Amino acid sequence: LVKCRGTSDCGRPCQQQTGCPNSKCINRMCKCYGC
């Protein structure tokens, strides 16, 4: 899991770790979508 301050913090980690193209920052944790 990746901590974040905003959705912009999540895009690269989501792509690198999961291959998911979409992401959001929810409760200071990245959520990855579109896997």
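Including glycine, each Cβ sits where the backbone N, Cα and C put it.
Between C14 and the candidates C32, C35, Swiss-Prot records a disulfide bond only with C32. Per Swiss-Prot, the residue from C10, C20 that shares a disulphide bond with C30 is C10. Between C35 and the candidates C20, C25, Swiss-Prot records a disulfide bond only with C20. Shown in sequence order, T18, G19, C20 are the residues of the chain, 6+ apart in sequence, with a C-beta less than 8 angstroms from the C-beta of C35 (disulfide bond). All protein chains shown were included, and the count of other CB atoms within 10 Å of the CB of C4 (disulfide bond) stands at 20. Nearest to Y33 (site 'Aromatic residue of the functional dyad') in space, judged by Cα atoms and limited to the recorded positions C4, K24, C25, is K24.
Its Cβ taken as reference, C10 (disulfide bond) is surrounded by 24 other Cβ atoms within 10 Å in the chains shown.
Around Y33 (site 'Aromatic residue of the functional dyad'), taking its Cβ as the centre, 12 other Cβ atoms fall within 10 Å, counting all chains.
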